[in-house]
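S.K.: Pasting in a structure now, in structure tokens, and then I'll have a few things to ask.
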């Protein structure tokens, strides 16, 4: 009898220890979580017009045990998040987009902010950062097409290059001239970095100066050089562009390994998005049996991204009436699935990716009430 009690006590102790250990790994500090989310998909990929990142922050410190994923944060979804004890809501679409002049109970978006703050729930939105990411929404949408190679329609640019300046100014100084005086004068201009290297031109040894300048400093550099004709006449000014990120950017241009009929492609898309109906505009001269080899796609509202792209088919959530007419007149068929239907399914993949990225440190759950507001009846 005594041995069984000892066994029971030991087992209970192990369970208690296990629960303590488990709970110690079941939350993250909000700031640490935000850093990890940015490592997963940098907010620098987002479009300049977008409103991304942490939109609502409870007073610190704030720990996150449960991360709640939704495509749209409506009042119904907020109620679900509160019932499920969410500490941070990741809403793909930013519920705060236009500036708010007041926070009252009058409008539904204001009420979202009030309820979030009252219950100490943060709100984070990645939106177009996830559109552009290599493992993001558009890449997920492309999975439904079949085996294909894809690239961004509008590639993103590296956020951190060039590290200094918007322009590069280069000119040569002969050794007989006062090189130190020129370099010293240029270094006194704010926003200028100077490097030099040896060069040879016209059988004469020279020092080549290369300056990285900000837009504001460029005018001062030009003004200085214009006072020294021997420099200015041979000055080269280059505009510095950040390098393109070949797997990151808006939209995807997908080339199938094997062409399929438009009818087959429609069925693939419906299956991938779990839809019984989509809207179709046939391109001029095209039928359901027409082959599809190249698909240009953009999750959500794709008009501005897809416009002017050469493809057999455009796939997006919504386009304006006139943009559809323009595409069809060029022989490009258009499939519209409603805005959020081209995005929401990504959240299942996102949950799995974040589980791995965050090393299962927090609970990640999907909304069950989030849905597209439009229905076919």
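The backbone N, Cα and C atoms fix where each Cβ goes, glycine too.
What TrEMBL records for this protein is below:
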- 93, 131, 339, 343: divalent metal cation binding site (BINDING)
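Quick one: where do these features end up spatially?
M.R.: Within the same chain, residues at least six positions away from residue 93 (divalent metal cation binding site) with a Cβ under 8 Å of its Cβ are 71, 72, 73, 125, 127, 340.
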S.K.: Provide the number of Cβ atoms within 10 Å of the Cβ of residue 131 (divalent metal cation binding site), excluding the reference atom itself.
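M.R.: Residue 131 (divalent metal cation binding site): 29 neighbouring Cβ atoms within 10 Å.
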S.K.: When neighbour density is defined as the number of other C-beta atoms within 10 angstroms of a residue's C-beta, which of the binding-site residues 339, 343 has the lowest density?
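M.R.: Counting other Cβ atoms within 10 Å of each of the binding-site residues 339, 343 gives the minimum at 339.
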S.K.: Around the divalent metal cation site (93, 131, 339, 343), what further same-chain residues have their C-beta within 8 angstroms of the site's C-beta centre?
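M.R.: So the extra residues in range turn out to be 71, 92, 127, 137, 299, 300, 301, 317, 340, 342.
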